Every structure is written in structure tokens, then in C-alpha cells.
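Annotated Mg(2+) 1 binding site per Swiss-Prot: ASP34, ASP87, GLU159, GLU161, in sequence order, evidence recorded as sequence analysis. Positions annotated as DNA binding site by Swiss-Prot, on the basis of sequence analysis: ARG47, ARG71, GLU159, GLY232, ASP234. Summarising the annotation, Swiss-Prot assigns Mg(2+) 2 binding site to ASP180, ASP182, ASP234 and lists sequence analysis as the type of evidence. Sequence annotations record features per position, and here Swiss-Prot assigns compositional bias 'Acidic residues' to 275-285, 293-309. The compositional bias 'Basic and acidic residues' annotation in Swiss-Prot covers 310-329, 442-452. Per Swiss-Prot, the feature region 'N-domain' maps to 1-105. Look at Swiss-Prot and you will find 123-254 tagged as region 'I-domain'. Residues or ranges marked as region 'Disordered' by Swiss-Prot: 268-347, 416-458. What Swiss-Prot records for 410-418 is region 'Interaction with PCNA'.
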Amino acid sequence: MGIKGLTGLLNEHAPNSIKEHDIKTLFGRKVAIDASMSIYQFLIAVRQRDGEMLTNDAGETTSHLMGFFYRTIRIVENGIKPAYVFDGKPPELKKGVLSKRFEKREEAKEEGEEAKEIGTAEDVDRFSRRTVKVTKQHNEECQKLLRLMSVPCVIAPSEAEAQCAELARGGKVYAAGSEDMDTLTFNAPILFRHLTFSEAKKQPISEINLEAALKGLDMDMSQFVDLCILLGCDYLEPIKGVGPKSALKLIREFGGLKEVVEHLREKAAARKAEAEEEDEEEAEEPAPTSDVEMPDDEDGEKDSDDEEEAERRKKAEAAKKKKAQEKAKSAKKGKGKGKGGIQIPDEWPWEEAKQIFLKPDVIPADQVELEWKNPDVEGLVQFLVTEKGFSEERVRKGAEKLTKFLNAKQQGRLDGFFTVKPKQAPPPAAKGKGAASKGTKRKGEDKAEGSGKKAKKK
């Protein structure tokens with residue numbers, strides 16, 4: 001899922017943190033790619049014309065293998081050296097999210113069956129993509145393929161994004177590659193997005209710089225993690241009523257998630273107490289007397305006391321109705337963020353989620369060796385052609401490209417030889433009288449300055 005709304009916040013408040021590149025400009029870079037995200041992406045995107053996943057004659061799914069083989073070759077052809085990182089055991093806190101995803105897949109299956117009966121082809125395709133699930137077999141087959149391609153793959157103890165971030169921090173790779181923005185929350189210094197997208201999409205590679213993002217948001221790393229949790233992450237139920245703008249405002253106003261949670265819980269308790277007090281007041285109010293027709297007096301007129309009582313009753317009912325309307329209106333507004341109606345779930349262990357981001361379960365970068373060698377061509381033919389039904393000609397051509405580009409001596413990048421110095425800011429413009437004389441020079445002033453004489457003011 002990633003972090004909801006984070007990209008939009010960075011575009012608005014830290015635009016300098018995001019750059020777009022053509023893939024060709026990334027030659028010479030080593031990148032740790034979130035393989036688990038890539039498998040899911042390939043199972044959804046690599047399809048037949050009828051929208052079904054690619055399969056061989058035996059009915060086995062091959063979309064993930066097709067995606068990994070050809071997209072990796074494209075990456076390598078552009079001078080990039082990829083290393084793939086696979087998910088390990090998910091954190092305990094994530095199990096609730098995973099169970100909800102399972103429920104949604106089951107719902108999509110039922111809706112998909114119904115769409116086959118009465119829906120359109122587009123409906124069937126949409127629901128079938130929602131039922132995609134990455135299996136243990138998918139992971140094992142992709143790992144086998146990558147080893148035959150001689151592309152490094154790492155099995156993370158837990159979250160793949162966290163391990164990618166660790167490899168980038170440790171200098172093993174230049175950047176982490178993933179579509180999940182929580183890779184930044186795991187402290188990846190550089191994040192590449194869209195790296196494994198198909199060439200047909202013509203989607204530029206998005207590079208996000210964490211340091212520039214923190215500077216633009218005016219936050220330290222701890223506050224950034226707090227912001228990401230408040231926006232909505234994989235480990236906690238999202239807080240209804242909190243959007244990107246309100247989340248940023250709350251963190252800036254209170255300084256951290258601990259203070260934000262305390263503030264929101266206090267406001268929720270105050271609203272609850274106020275509502276209970278109003279309910280008690282309404283319960284204590286006397287019920288209006290029933291309308292009973294009173295007999296006329298001797299003059300044929302109603303008693304004046306009865307008229308006064310009726311008027312009081314009428315006013316009381318009108319006041320009660322108005323109060324009820326105001327209460328309903330207030331309750332409706334209170335559901336959003338404007339009237340402090342944000343409700344934090346009773347069970348919301350944000351401290352535990354924060355520890356997962358700040359101290360993730362990863363293999364230290366200095367204990368990981370990434371090595372790119374010659375591919376096992378005959379092994380690839382045996383696996384992809386004999387076992388999975390791929391075209392032998394295309395597999396051998398792909399293997400030739402891998403051999404050529406993985407072993408080619410990479411051309412050095414200019415930014416590896418030079419240190420880019422920040423541009424010196426121009427001196428501040430003078431204000432008030434005499435400002436014009438310090439601005440654009442008039443004719444003759446250059447000569448006056450060159451001779452060391454001070455130009456006379458007119």
C-alpha cells in the first residue's frame with residue numbers, strides 16, 4: 001500500500017526532492033529493487049490480449065517470469081546493475097492488514113464471477129486483477145530465474161523495502177527501487193520509482209531524495225516517520241478524517257505523533273462528555289402536555305391561563321426542535337476534520353509501527369555481497385524453454401544481452417569525478433534610497449570603478 005498522499009505533499013512542499021529521468025541517464029548506477037512489489041506488478045501488467053495472465057501449455061502462470069526476464073534485460077541494457085530483494089516474514093503488526101487484503105480478494109472473486117455472468121469484458125478484467133496474489137511458488141521461480149541470469153537476489157529477514165533502504169544507506173547500491181513510498185520511511189537516501197515499468201508506458205524514472213524531502217517539509221527523520229504513520233501505512237488502521245494536509249498541519253503544530261495523539265484523544269473525550277451531558281439535559285426536560293380541548297367559560301372564551309400554557313408549550317417545542325437540528329448538524333460536521341471529529345481507534349499501536357520503521361529487521365549492508373557474473377545460458381534454456389515453454393531463440397538472444405552488458409566495463413559517470421558545489425546566492429538587493437545606484441550600472445560607472453574612483457551621485 002505504501003504511504004497515502006505522501007507524493008502529493010512532496011510535490012507541493014518539497015518539489016526539489018523529486019526529479020525525473022530517462023532511464024538512459026542512470027547508466028552506471030546500482031539499484032536494490034523490491035522484488036516482491038515487482039512480482040505483483042508483473043502478474044497484473046503482463047497479460048494476454050483477453051486480459052488473462054500468461055500461461056504455458058501446462059496451464060502454469062508465466063507472467064512473473066516473462067516480466068522479470070525482459071524488464072531486467074532492459075534495465076541492464078541501459079547500464080544499470082540491478083539487485084533484487086525479496087520479502088521475508090512480515091511483522092506481526094502487518095498481519096491485520098494482510099487479512100483485510102485477503103478479504104478484499106475474496107470479495108473481488110465473487111464480484112468477478114458475477115461479472116462473468118452479467119458484466120462486460122472490462123468488468124471481468126478489473127476484478128481478475130484485484131484477485132492477484134503472490135505465492136511462494138512465484139517467489140521461488142523468480143529467485144531461480146535471477147540466479148540463472150546471474151543477477152544478485154537477497155532474501156530479507158522481513159520487509160523487502162527496509163532491506164533495499166539498508167543496502168542504499170550502506171553504499172552497496174546508489175538507490176532503492178520500489179513503487180512503495182514507505183521505502184523512504186525506512187530511511188532510503190534515494191528512491192527510484194517506475195524503474196520496472198514497461199517501455200511502452202514511456203513513464204520517466206522518478207528519483208526522490210530523502211534529505212531534500214526532509215528539508216522541504218522542515219522536519220527531522222523522526223517527525224517524517226510520524227507524518228507517514230499519520231498519513232496511513234501498512235501496519236495500522238488509518239484514522240478517518242485525517243488527510244495529507246491535516247496530517248502535515250498536526251505534525252507541524254504539535255511537533256510529533258505522541259503529542260498529536262494526546263491532543264486528538266483529549267478532544268474526543270471532551271466531545272463525548274459534552275454529548276453525554278446534552279443527553280442528560282434532554283432526558284430531564286419535561287415532556288410537553290397533551291393538547292386537550294378545554295371547555296369554554298361562560299363568555300364562550302378560553303381561559304387566559306390555557307392560552308399562555310399553549311404558547312409556552314409551542315415555544316418549548318420549537319426550541320427543542322432547533323436544538324436537535326443544531327446537534328445533528330454539529331455531529332455531521334464532527335465526523336470530518338474541521339470540528340475536531342477525528343476518531344483514533346482504541347487499539348492503535350503507533351509506537352510499535354514507528355519502531356518497525358526506525359529499527360527494521362534487516363541484514364546489515366556490510367554483510368551482503370552483490371556480484372554480477374555471466375549468466376548460465378544453458379540453465380536458462382532448460383528452465384524457460386524446456387520447463388516453461390518460452391521461445392528458445394528469444395531466450396538465447398536475451399542471454400547474449402545479459403552477457404554483453406553485465407560484463408561490460410561501465411563508463412564512469414561525470415558526477416563521480418567532480419564535486420558539485422552549491423551555487424552562490426547573489427547579494428541581497430539594497431533597499432530604500434540609493435538602491436538604484438547599486439543595481440544596474442549606468443554608462444561610465446564601469447570606468448569609474450576600474451580607476452578606483454567613486455562615481456559621483458547626481
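These residue numbers are counts, starting from 1, taken along the chain as shown.
Just so it is clear, glycine is given a Cβ too, placed from its N, Cα and C backbone atoms.
In the predicted model, residues of the region 'N-domain' (1-105) average a pLDDT of 87.
For the region 'I-domain' (123-254), the DSSP counts in helix, strand and coil order read 69 helix, 15 strand, 48 coil. In this view, the densest Cβ surroundings among the binding-site residues ARG47, ARG71 belong to ARG71, judged by other Cβ atoms lying within 10 Å. The shortest Cα-Cα distance between ASP87 (Mg(2+) 1 binding site) and any of the binding-site residues ARG47, ARG71, ASP180 is the one to ASP180.
Cα of ASP34 (Mg(2+) 1 binding site) to Cα of ARG47 (DNA binding site): a distance of 21 Å. GLU161 (Mg(2+) 1 binding site) has ASP180 as its nearest neighbour among the binding-site residues ARG47, ARG71, ASP180, GLY232, ASP234, going by CA to CA distance. The CA atom of ASP182 (Mg(2+) 2 binding site) is located 9 Å away from the CA atom of ASP234 (DNA binding site).
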